[in-house]
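*Asks:* Got a structure for you, written out below as structure tokens; questions coming shortly.
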Amino acid sequence: MTTEAADSTDAVGTVAPAADPGFLQRHGGTIEYVLIPGAALVGALAVFGIFVAMFGKNPLDLYFYMYYGAFGTWFSWQNTLTRAAPLILTALCTALPAQLGMVIIGGEGALLIGALSATSAALALQGMPPLIVQVAMVCAGVIGGGLWIMLAGGLRQYRGVNETISSLLLVYIALAILNHLVEGLMRDPASLNKPSTREIGAANMIGSIPGTDVHWGLVFGLIAAIASYILIYHTVFGFAARVAGGNIRAAKIVGLGVDKLILTVCFLAGGAAGLAGMVEVAAVQGRTNANLAAGYGFTGILVAFLARQNPLAIIPVAILLGGISASGGLLQRRLGLPDASVLVLQGIIFVFVLASDALYGRIGFLKGKS
Amino acid sequence: MADGSIGLWTVPLAVLGGAIRVSTPFLFVSLGECITERAGRINLGLEGTLVMGAMSAYGISYLTGSPWLGVLAAGITGALLGALHAGICSLPRVNDVAVGIALMLFGTGLAFYLGKPLIEPTAPRLPAIDFGWWSDIPQVQAALRINVLFLIGVALAPILYWAFRTTRWGLLIRTAGESADAARAMGHSVLLIRLRATMAGGFLAGIGGSFLSLFYPGSWNEGLSSGQGITAVALVIFARWDPLLCLWASLAFGGAAALGPALQSVGVTSGYHLFNAAPYILTLAIMIITCSPKRTLTGAPAELSITR
């Protein structure tokens with residue numbers, strides 16, 4: 001991940017200025033969007049290196065194992081991509097409402113409800129052809145997660161309840177519902193130590209992309225991200241959403257149905273996170289239990305902010321963050337760092353990325369000399 | 001024996017005891033957030049501050065043998081996290097809600113990282129005062145074993161109420177929260193006032209965390225706080241930024257949170273998880289009832305980003 005940032009610096013430093021003096025003026029904005037988050041990432045990695053050095057570990061070892069565990073081998077690449085899949089989807093849960101100026105941080109809750117709905121659908125349709133079961137699981141996951149976040153959007157629009165707080169409260173409520181059902185109504189009597197629902201059945205699992213161990217959830221994520229990008233930047237609906245996000249009063253004056261916009265966008269956002277829950281059930285866990293609350297929803301918030309809420313940028317950022325979490329196991333085994341070190345690094349990156357917001361438009365050589 | 005004779009009275013008694021015990025972290029976090037928000041800034045990171053406070057209090061109490069030093073360490077940790085929040089927010093174009101989310105994740109992660117070696121050992125805990133000596137019933141005695149921190153919190157609420165109304169500092173904080181321009185015109189630095197208010201808020205939230213690890217539940221583990229910090233932040237909103245209302249709301253929340261364990265103790269185990277979610281459901285319900293899309297909330301500081 002250090003290399004990526006270094007590449008972008010090279011691109012700016014060597015290629016751009018000599019070839020065409022107007023280049024920076026025209027592309028300064030785009031370069032900023034790569035350069036500033038990249039610099040924030042490098043800064044965060046440096047601080048994290050100092051942090052582990054205080055515990056007597058060699059930071060260079062740290063960087064090497066992080067790279068090796070994330071992108072060093074084909075095996076680690078597959079591990080990284082498998083983790084990136086739900087991150088793309090949960091990041092959309094924050095990035096889509098952000099177009100409307102809303103800060104939704106409840107992706108984890110929508111993921112859990114999506115997983116629960118998808119599992120219920122699969123268990124209800126046992127014996128049907130796998131394709132029908134899988135399609136039903138996708139629909140159930142999207143609708144379950146979508147309604148969950150739509151609730152937060154509706155509360156904000158009709159009752160003025162702050163959506164950031166309500167969506168986070170809904171995470172804890174979702175977790176309670178999941179635990180309640182998994183330990184009661186939906187419990188598989190055979191699951192003793194770890195209460196779980198019954199398995200959805202091996203035939204109904206969505207399996208891996210041929211030739212890899214990466215499951216089809218990655219493709220779901222890529223499609224969802226690209227579709228979101230087209231929706232936001234190349235359709236009238238997306239334009240209306242961005243108008244409402246920029247100036248809600250103007251949107252109302254020109255007659256946009258702001259209520260409908262907010263509810264639809266929140267439904268799509270929650271649907272993406274619900275799909276992540278479905279993928280985790282149908283490709284990884286095979287059933288619903290408390291393991292699903294693995295924090296993908298919270299890391300997704302970071303992915304969305306690091307990608308500056310741009311659905312296309314979410315894809316590489318999710319792979320990067322998936323890589324960091326994939327390398328966690330190796331850091332634990334080789335360096336003896338606790339598993340929470342990934343959380344610390346994510347926190348530091350988040351802080352640096354937000355602080356770097358202050359830099360936009362202030363980097364001298366990108367402003368051009370005029 | 002007393003156990004059998006009081007029967008179902010166990011539940012209201014346990015809820016009362018719980019209201020006193022469980023409410024303390026809610027009380028400290030909400031009073032802290034009240035100071036910060038009155039100065040015109042929202043700190044959603046207090047969830048992380050709470051967990052960091054719990055961890056550092058437990059660690060210091062274990063290392064020094066003095067739980068009160070642990071409480072102090074938790075407060076200082078909280079103040080430092082508050083300073084970090086205020087520092088980043090004082091940069092131009094940085095959104096305080098987003099910084100709060102970042103610090104929530106950062107504080108929790110850091111506490112889990114540094115707290116790994118603290119899960120095993122037992123640290124000295126805070127003492128309690130027995131107010132139930134007059135009763136023979138063990139449940140009454142248990143309900144009235146009250147921690148000094150709770151009493152400090154209860155005393156702090158009216159003190160803050162008074163301080164906001166009458167002291168110079170209270171007036172400055174409110175000015176910064178209502179109109180940054182007015183504060184600037186008076187020759188005060190808004191950023192400095194907010195820095196101090198956020199640090200004070202973090203200090204109190206850290207102390208709230210120390211109560212979790214040093215009194216009730218009274219140990220350090222990674223599941224110690226699940227959303228108490230963010231619930232307390234929401235609580236400030238429907239307490240209308242009034243410290244006295246924060247006190248009553250915290251007590252109601254403590255009671256709601258104690259409902260699950262209380263019902264479990266009399267044998268009602270179904271729905272345990274749902275009862276545990278009672279504080280969150282209650283928060284959401286009260287927010288739905290008290291908020292309105294048509295007007296800003298009465299008592300809301302005008303500079304606050306979430307109410308504008």
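A Cβ is built for glycine as well, from the same backbone N, Cα and C atoms used for every other residue.
Taken from TrEMBL, the feature transmembrane segment covers B:6-32, B:44-63, B:69-90, B:97-115, B:142-164, B:197-217, B:223-239, B:246-266, B:272-291.
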*Asks:* Under an 8 Å Cβ to Cβ limit, what residues of the same chain, 6 or more beyond the ends of the transmembrane segment (B:246-266), are close to it?
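*Replies:* Residues 8, 10-11, 14-24, 26-27, 30-31, 34, 153-154, 157, 231-232, 235-236, 238-239, 272-273, 275-276, 278-279, 282-283 contact the transmembrane segment (B:246-266) from elsewhere in the chain.
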*Asks:* What stretch in B:6-32, B:44-63, B:97-115, B:197-217 has the biggest tally of Cβ pairs under 8 Å against the transmembrane segment (B:223-239)?
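*Replies:* Counting Cβ pairs under 8 Å, the winner is B:44-63.
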*Asks:* So, taking each listed stretch (B:6-32, B:44-63, B:142-164, B:197-217) in turn and counting its Cβ pairs to the transmembrane segment (B:97-115) that are under 8 angstroms, which one gives the highest count?
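*Replies:* Highest pair count goes to B:44-63.
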*Asks:* Sort out the residues at least 6 away from either end of the transmembrane segment (B:197-217), same chain, that have Cβ-Cβ distances under 8 Å to it, and list them.
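*Replies:* Same-chain contacts beyond the flanks: 21-22, 24-29, 31-36, 38-39, 41, 43, 46, 49-58, 61, 67, 70-71, 73-83, 85-86, 89, 123, 125-126, 128, 147, 149-150, 156, 173, 176, 224-225, 228-229, 232.
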